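Peer 1: Positions annotated as transmembrane segment by Swiss-Prot, on the basis of sequence analysis: 3-23, 38-58. Residues or ranges marked as domain 'PLD phosphodiesterase 1' in Swiss-Prot: 219-246. As annotated by Swiss-Prot, active site applies to HIS224, LYS226, ASP231, HIS404, LYS406, ASP411. Swiss-Prot lists 399-426 with the feature domain 'PLD phosphodiesterase 2', giving sequence analysis as the kind of evidence.
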Amino acid sequence: MDIFYDLIKWLVVLIYWLLIANITYRILIKRRSIPSSMSWLLTIYIIPFIGIAIWFFFGELYLGKRQKKIAKKIWSISNTYLNKLKSYKYIFQIKNSEVATSLFQLCKHRQGIYGIKNNKITLLTNTQNTIEVLIRDIYSARNNIEMVFYIWKPGGIADDVAMALIDSAKRGVHCRLMLDSAGSVEFFRSPWFDIMKKSGIEIVEALKVSLIRIFLRRLDVRQHRKIILIDNYISYSGSMNLVDPYLFKQSSGVGQWIDLMTRIEGPVATAIGIIYSCDWEIETGFKILPKLPNKEMLKKKCNQNSSIQVIASGPGFPKNVIHQALLTAIYSARNELIMTTPYLVPSDDLLHAICTAAQRGVKVSIIIPLYHDSILVKWASRVFFSELLEAGVKIYQFKKGLLHSKSILIDQQLSLIGTVNLDMRSLWLNFEITLVIDDRKFSHHLSAIQKEYIDNSRLLDKNTWSMRAYWTRILEKIFYFLSPLL
């Protein structure tokens, strides 16, 4: 019996070290950043068994066998469709403003499409008003409505959107709704799920979460896009989830969530529709590519002074493209750079780019919320304050709610708006979308909104920050170690 137990013991030890060796090998060949690699190596070596479990759950970017197979081929198929779109030469902006040229060229080479002009762009800054405008558009829809959200929380004005979709489906409009399984768990447990399905709305639970799936793929890869498409002509995107701002997470004590959305009329809806089609096919296996734009309608509203690039990031899409785009945008700044983000856990490259911009004379401002819904992110963000302040970056902490907007403004000309947070999960894992807008008039509107944010913020003082308590510095160092894992 003793021999048997000894055999089992040594077998467990052998398996354990084989797993350690295998994970070590995988970490080294992945060419991760050095801080990320070191964090993972320390985790698996210092925390026996638990470290291995953490790696299998969160260390590998793995969607699942079927979804991974579809995701690999889907973008190349979409590029074939993009080639058809290229026949509409008059909707593409070949020449951009000086500050936007490098970024648009990057997107052209990585995604195969020029910036799209001939769009009417509106910036929506109030969630209540945004949803009211959306409901009017839903009732005006004639052919199709597609939506994807990370969070749909029933209650309040969100129920008005549900009713508008139900009414539209009943009058023959083809309605599709894709919601993240984790973010919209309350929706899938509510009566609205069955009510909307019975009315004829196609609903997909994206990246399903369950105990079984823990062993099949990573659960922290989320569908984080926010997209609305109506009749292949009207499109919405930005940071807003489908929630009532007066009801959503009010118990957390952070106040109302502050968001930005863009409403666009024009051919960019087709480019966004291709992204939606890719996501739909990954989940269902069915293609729903949008119709090509109506040429006659587009010719009537041609706008030569602005253009939009759509950047899709996530598994199956061009690798690291959003990270490259952010770096290119920051290095393009010559006079002013204003960044708004709820979560500030940048990569080393982004941190270096931001600090370098300030050190070469660019006026750099970062606006973040004073109050957070995540303790982990709050402390992880604080780690970077000292280096940013030393470089001359101004850090503003928004006081009037949880600032959830994600935007970048460069030299009052180039704007980036979308779903991407400046954290590792948005940069490397999630399905995200970013609109790059080369339009001075739109940028002035965004600048006015960012000024409102700053007016309702407190400026973090460099000297005061340097005198913070010693115990907070220790906590910051701990979270600095964890930041590559967030």
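Every residue gets a Cβ built from N, Cα and C, even glycine.
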Peer 1: Counting only residues 6+ away in sequence within the same chain, which have a CB under 8 Å from the CB of ASP411 (active site)?
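Peer 2: Result: VAL99, SER332, ALA333, ARG334, ASN335, GLU336, LEU337.
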Peer 1: Would you mind listing, in sequence order, the residues at least six apart from HIS404 (active site) in the same chain with a Cβ closer than 8 Å to its Cβ?
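Peer 2: Expected: SER239, MET240, TRP257, ILE258, ASP259, PRO342, PRO369.
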Peer 1: Are there residues at least 6 beyond the ends of the domain 'PLD phosphodiesterase 1' (219-246) whose Cβ is under 8 Å from a Cβ of it, and what are they?
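Peer 2: Sequence-remote neighbours of the domain 'PLD phosphodiesterase 1' (219-246) are 57-58, 61, 63, 124, 127-128, 130-131, 134, 137-138, 140-153, 155-158, 161, 178-180, 182-183, 206-207, 209, 213, 256-257, 259-266, 268-270, 272-273, 275-276, 279, 290-291, 293-294, 297, 314-315, 404-406, 417-419, 425-426, 429-433, 435.
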Peer 1: Ten-angstrom check, please: count other Cβ atoms within 10 Å of the Cβ of LYS226 (active site), all chains counted.
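Peer 2: The Cβ of LYS226 (active site) has 23 Cβ neighbours within 10 Å.
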Peer 1: Distance between LYS226 (active site) and LYS406 (active site) at the Cα atoms, whole Å?
Peer 2: 12
